[in-house]
Structure formats: structure tokens, C-alpha cells
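The block underneath contains the structure these notes are about, expressed in C-alpha cells.
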Amino acid sequence: MDTESNATTPGQDTTPYIRFAIDQLTRDEEVRGSRVYPQVEELDEEDDYPVERIVHDYGLGYMAQEQATQQRMSQHVAPKPQTLHQARGATNKHMPMTMPTATQNQQPAHQHQHQHQHQHQQQPPSSPRASRDVFVASSQPHASLHFLPAILRPIWLGLFTFLCLLMLAGLIFAAIYSSRSGGTGLCDYGTFGDGLYFVFEYLPTLLGMLLFVWLIQIQIALQRIIPFMSMASNSFHKSVGTCYVIFWLFSWTIPLLASTFNVRYDVGRGTWRWVAVQGVIWTVVALYVLLVIAIITLIFNLGRNATGLKWDPRSLADIIALLERSNIMSDYNGSETFEKADWHLVANRADRIGYWSTTKRPNDFFYGIGEEGGDVRRFSVEQGRIREKGPERPHPYATQGEQGDYSIRMDIRSPGVRLRFLPWYLRDFAVIAWIGVASVLLIAFLAVSFINSAVRFGFLPKVFARTDSGGFSASNFLYSFIPALIGQFLFLALLSLDYSLRVLQPYISLSSKGGATAEQSLLVDYVCRLPFSVTLSAMENKHFQTAILSLVSLASMSLPVLAGGCFWTQYYNNEEVVRVAADLPGYYALCFFLTLCTFGLFALLPGRRRAALPHKSNSVAEIISWVYQSPILSDRAFARPQTKPELVAKLMGNSEAAQKQR
């Protein structure tokens, strides 16, 4: 049947009036009294609901997005690939056109409505911004948003810089003092493995390793706050990339420090003397100078730019607290199953962090992540529960037959999607390979070391062992630099396994049967904790897998120190031959820590399936994809917490209450 046969008045399209009635019936469903807001000036009722008003569809699909929203989104959202256009095109074919205006429907059903339309047409049109409730960045003075993690504060970065300068001064002194008077060296060589041997072969690498571990913690804290500083400042992140390049170069100082000192025979004195290897030590000095410059630059930039933070975002709960009233949630529809090629849909957003108000509640200030000029989130009460209303975005790979009801997402229920992502080095084949290869290499290493006492009595260096005028010896450099480099690689590999598991631990806890308390999931901050502190915290939460791996990764920092110092080219007077021998105490310690690290890999075996996710969870956008439509955003625990202790107290209270109800 055509439209005219269904109309109450023949020849008159009643569609605008039906939509007006629907809007009047549904307007009372919105949650207007869930929180107390300061009283603001109300808009004229006649301006709110004229007959020709274009009613927001909230996902019902009977109108297109308003022009202002389309312009705003076109500025920030990257162009979709062809496949996404086709998917959305199938949906748009079933959407009716925008409702006709009053000028297109000249014959109203009642004279009173005709007069109302005529009066409204004579009124000046209101601006789009005035008719919408949108986010406005607040310029009023509020609590400071310059929070810095303790390790990034000037006092601790200054202390780190001071220690680097002390190390730098010691290296420069050793290099200059060793080359005085034609290279007389530092001091006389005693015996193999004595106190001076520890000072020159183990101590420099040990001190450098401690500074390197401290630098890793600085990088972790910096990486944690960079996304928020970028949302609060437009230029800060541009200078951080150079710092990270210098931080990576600094990792090479560990094997270089292991080969910084050597011995040389002083013909004039008739003794062996400790000398500094000039080429190596000045390379280390240059890397330390670059590090000091980078840290000083970092201190200056951190002090000049606002972080946008009220406290340290160490856990999932801290991120969720920033999203409690955020207006960017609807733009993440379907993102929980995004593949790598889909993230461009949210990559060009212009989100900000700070204090906000809205056009309809200008005196109601709140803190969080939002989009300036974006519409506020709208809610309704359904079956006694508060639910968010908003336009649904079709899933990128939904077919035409699948579009329509997006409350049922079959792709999420598919194991191929739900368990799609796990770091390659944590997959079954990789973990078994790590354990197998490490076990075989350990057995071979121990067998070669102790059969026929090759380590105790030494072996021929196979390279030139003579020390030149600069203190360089190919034999000592080879058997110091290469073992230390291998040890450094093993340390970083174990650290990567450890930190990957720390990142996934909250999701492992949440996916366990019966769920987990907030203390064991949302408040977990293993990635941000210092060495050994994470081990104690994981044991307290009964996360023994994380506790074991964190302890093993901490112990593995000894590998480059021991491996770089235990091998030494020694001249045997009674045999008049040069052999490479091992310092037995250091070598036995090296064997112990290698065995410990090998057995620690077995901790990777259990529980990895629960760590699998649809995609990575490293960035803020990826974390938002897990919670953008979760009821946890409306939980009272996340309602405007002013401090981190307040947030923790609310979550812990809810967790304890939930446990008592079980």
C-alpha cells in the first residue's frame, strides 16, 4: 500500500508527527537525575521540540548523521578502505532518507499545528552548538595536572644523572691516567682472580648494569605517560623519540664495559700492568655523554609540559577512571575484535585529557579523556538498569545479511577471533622451542666446560693475544665482549618474556573461572613495579607464574656481568704459552644462574591460553576497546575519584562486598 492510503488525512504525510510523538514518549527515559548538577538556564521549550525538529535517531536508523557531526568526524577519522565502504554501503541502502521538513509538508492535520509551524519559521534558527550538548574544554583553575611518577621527578632524574656523571668521571680518569708517560698503566697486575681482578673485570660491568636497569625503569615510566602527555600537549612526543634512540644505544655499554680494561707487560719495570683499552673506553664515554644530555633534555621537557594526569596510570583501573564520562566510547564500536589493519579507524582522533564541562551544564566540571565539540553520552533506563544509547557502527567485516541486530556478535564467540592474539614467543611451539633449546645448550655448555677440565686448565685463544700500545688485545676483547653480549641478549630476552606476562596478567585473572577481585586484576600494576617488588606483590596475589619469571629475569642481570669477566687470557710462565682460562668462582656462579634461567622457562607452560586476546593490549586505544561498552564504566567505584587512594578504597570495598555475598 502507498503512503497516502495509510495517512489519517488523505494527501498528508504524517511521518513528522509520528516521529515527534515517539520523541516525546522516549525523552523521559533519559537519565537526568542520576547525579546532582548545578542548576543551569533551561532552553525554551518551543525551541526544544518544534514539529519540524530533526529527532536524533540513537541507532534506530531513520535519519543520517547531522552535518556538523559529519564534518567533525571527517577531520579526525581516516578514510576507510574499500572493504569497509562496501560493508557500510550495504547498511546505508536500507536506511530511509532524512525526514522531510515543514516546507515539504504544506497541509497539516490541524490548524493549531499549522500556526505553531508558522511561528517557528519566523524565529531565527538556533546554532547547531546551542541545540546540542557537547564537550567544552574547561579553562577554569582546577587541581594541577602535572603529576609525574616518582622515578621521573627532577630529584630522581637528577640523582640518576649525578651517578652517570660519577661513572663518566671515573672512566675519563682511567683513560687519561692509563695513557700518561707513554702508557705506563694504572697499577701492577697481581694474580689471576684477586681483588684487583674483580675491580677491573667485574665491577665496571656491574655498575653499568645497575644504571642500565634504572634506565629501563625510566623508559617504562616514560612510555606509560607519553600517551597522556601527547593528549595534553601537541609537541612533547616529538622530542622523546631521540631519547629512546640514545637509550637503545646505551645498552651497548654493558659488553663494552666488560672489555674496557686489559693487562700489558711493562718492559721498563719488568711487570704486568693494568691498562685501559683506549678505543673501547672512549666509546663508552661518548655513550654516557649522550645519555646525560638526553636525561637533562628530558628533565627540561617534563618540567615544561603538563602531563594531564592527576595520578600515575599504572593499572587498568586508572585507565577506566579516565573514561567514566568520556564521549569517545561510541567511536570504538567493534574495536574489541579489530585486526591490525582496522586501527586506522581511530588512529587520527584528536582526543584530549583534562577538565571538561558541557554546553548545557557549564558549571559541572569533570576530569577525563574526551573529544572537544563531541556529543555527550546519552543513557536510558531499560529493565531497571542504566544503559548507554548511541548509534551503532557496523562491524568492519559484517556482511549485508548479518547487519541489523548488533547485540549478537557471533565473531566474538569464535575461538579464532577470541583467542587470535598471543605474542609469538608465548605460543605453544615457541615456548617448547625455548625450553628445548635452552636445555640442550645448557647441557652442552656444562659438558664442554667440565669434561677434561678445559675451563680449569685453559684453552688456546686461537686469535692474536698480544696487547698493543692502546691496550687492545684481540683475545681478551673476544672472550670478554662476546660472552657479555650473549649474556646481555639472554637478559633482555628473559625480560621481554617477563614483561609480556606482566602485561597479560590482569586479563589472565579476569578470564579465570569465577573472575577475580579488583586487587588481583584491575589494580594489578606489575609492569610499573620495581624489580623484586613485583615478585613480592605477585606472590601476595598468588600469581606464582609472574612471581617466578620476575625473579628469574632479575637474576638474569648477572649473566652479562659474570660472562664478561670470568674469561681471561693468561700467560703461563712454566709452559711459556698463552691460554684462555676461567675465573672459577665467577664461572661456577655463571653456571648456576644459567641453570636457574633455564628452569625458570618452565614457568611459561601453564595458563597461556587464558592470556590470548583478540588483539594486543599495549596502547590506550587497545585498552579502551575492552571496556568501551562495559557496565563497569558506570560502576560507582569509578564515579569521579579525586585521588588514587580513593579509587583503590572504592574498588577494594566493592571486592570485599562481592566476596561476602559469595
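Glycine is no exception: its Cβ is also placed from the backbone N, Cα and C atoms.
Unlike curated records, TrEMBL annotations are generated automatically.
Per TrEMBL, region 'Disordered' is recorded for 93-134. Residues annotated as transmembrane segment in TrEMBL: 155-177, 197-222, 243-263, 275-300, 429-451, 477-497, 547-571, 586-605.
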Ranked first among 275-300, 477-497, 547-571, 586-605 for CB pairs under 8 angstroms with the transmembrane segment (429-451): 586-605
Long-range environment of the transmembrane segment (275-300) - Cβ separation under 8 angstroms, sequence gap at least 6: 152, 154, 157-158, 160-161, 164-165, 167-168, 171-172, 174-175, 178-179, 183, 185-186, 215, 222, 239-240, 242-243, 246-247, 249-250, 252-253, 256-257, 259-264, 467, 470-472, 477
Other parts of the chain folded back onto the transmembrane segment (477-497), taken as Cβ under 8 Å at six or more residues beyond its ends: 201, 205, 216, 251, 254-259, 277, 280, 425-426, 461, 463, 549, 552-553, 556-557, 559-569, 580, 597, 600-601, 604
